[in-house]
Amino acid sequence: MANGANRVDLDGKPIQPLTICMIGAGGFIGSHLCEKLLTETPHKVLALDVYNDKIKHLLEPDTVEWSGRIQFHRINIKHDSRLEGLVKMADLIINLAAICTPADYNTRPLDTIYSNFIDALPVVKYCSENNKRLIHFSTCEVYGKTIGSFLPKDHPLRDDPAFYVLKEDISPCIFGSIEKQRWSYACAKQLIERLVYAEGAENGLEFTIVRPFNWIGPRMDFIPGIDGPSEGVPRVLACFSNNLLRREPLKLVDGGESQRTFVYINDAIEAVLLMIENPERANGHIFNVGNPNNEVTVRQLAEMMTEVYAKVSGEGAIESPTVDVSSKEFYGEGYDDSDKRIPDMTIINRQLGWNPKTSLWDLLESTLTYQHRTYAEAVKKATSKPVAS
């Protein structure tokens with residue numbers, strides 16, 4: 001239930017109700033953030049997106065207690081004259097819009113660059129010109145490769161955190177060669193970050209930049225052939241979920257050796273709410289939002305997901321639960337990757353007092369329970385062969 005009474009920020013100051021223009025509100029992160037804002041705060045949401053499937057439960061029926069606090073506007077920010085007017089109506093703009101699926105980075109590099117840089121330019125411009133605060137969602141991909149990845153594999157410094165832990169104010173952004181179009185996303189995201197930062201420095205734009213480190217949970221991406229294109233390749237959680245639902249081996253790109261950290265969407269949304277409601281502490285900062293305690297290789301993630309799914313579904317694992325594939329075979333020509341992505345949490349902990357809470361096992365159990373409940377029957381119907389007459 002929304003509770004506007006006696007809400008105070010981290011410094012004990014009363015929190016005033018805001019009108020928030022959320023661009024990309026219909027996506028994975030946007031849907032969870034809308035839920036949080038509507039059920040636990042008095043804030044109003046102008047929800048902008050091309051699709052609203054993931055927030056329909058918040059828009060219908062009109063009798064829900066927050067019906068007067070959310071408006072959905074079907075907008076493609078590429079070419080819609082309504083965007084500036086909606087920005088002017090708001091106190092805060094949150095830009096979540098992006099192409100953020102690795103399979104697209106080197107197969108659709110132009111769309112990736114336009115979506116993440118060119119299409120975001122008007123949002124930054126309107127915020128700066130109209131003195132509106134902006135929370136811009138970037139990505140941990142802006143860090144690119146770690147310094148340690150350039151050392152020999154047996155070099156002792158590869159285990160030194162100084163060579164792989166990623167810090168917002170210190171770590172360099174290291175990308176692959178131009179032919180490796182996988183970095184089109186990271187470059188576009190880094191450039192829009194630099195523009196936002198420059199608008200703050202030169203024109204006084206109030207901004208916060210968020211760098212998510214693998215946020216996962218219910219409603220992430222899609223299951224190919226069920227609520228997304230059959231040929232689509234979603235991110236790793238949905239890819240592995242799709243394999244588990246179809247009782248297929250989980251595909252490990254280049255052996256699944258890359259190391260990643262994963263944070264539960266509910267924990268991450270708590271961090272975003274702190275940014276929204278503590279502008280004096282968040283303005284001008286870039287925040288890593290991840291969980292360094294949940295570090296695994298992609299192979300270990302696959303093994304854990306197989307174990308968790310067997311528990312929540314009651315189905316035993318298949319005989320060969322994983323299969324190795326090359327990155328060229330899976331993603332196409334021009335793919336490249338980083339070896340590790342481990343966030344340093346010093347700044348967000350100091351400014352906002354935020355720390356993630358949910359273990360990898362618990363977040364996978366919650367997420368895969370949702371995946372099984374939501375998709376198992378549909379996948380079964382889609383994969384069952386018609387009975388011969």
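Cβ coordinates come from backbone N, Cα and C, glycine included.
Marked as NAD(+) binding site by Swiss-Prot on the basis of experimental evidence: Phe28, Ile29, Asp49, Asn76, Ile77, Leu96, Tyr185, Lys189, Trp215, Arg235. In the three-state DSSP classification, Trp215 (NAD(+) binding site) falls within a strand.
Take the CB of Arg260 (UDP-alpha-D-glucuronate binding site) and look out to 10 A: across all protein chains shown you find 20 other CB atoms. Summarising the annotation, Swiss-Prot assigns UDP-alpha-D-glucuronate binding site to Tyr105, Thr139, Glu141, Arg182, Tyr185, Asn214, Lys251, Val253, Arg260, Tyr331, Tyr335, Asp337, Arg341.
The active site, proton acceptor annotation in Swiss-Prot covers Tyr185 and rests on experimental evidence. Mapped onto three states, the DSSP output places Tyr185 (NAD(+) binding site) in helix.
In this structure, the C-alpha atom of Tyr105 (UDP-alpha-D-glucuronate binding site) lies 19 angstrom from that of Phe28 (NAD(+) binding site). Spatially close to Arg341 (UDP-alpha-D-glucuronate binding site) yet at least six residues away along the chain are Cys140, Tyr143, Leu166, Phe213, Asn214, Gln259, Arg260, Thr261, Gly290, judged by Cβ distances under 8 angstroms. All protein chains included, Trp215 (NAD(+) binding site) registers 26 other Cβ atoms within 10 Å of its own Cβ.
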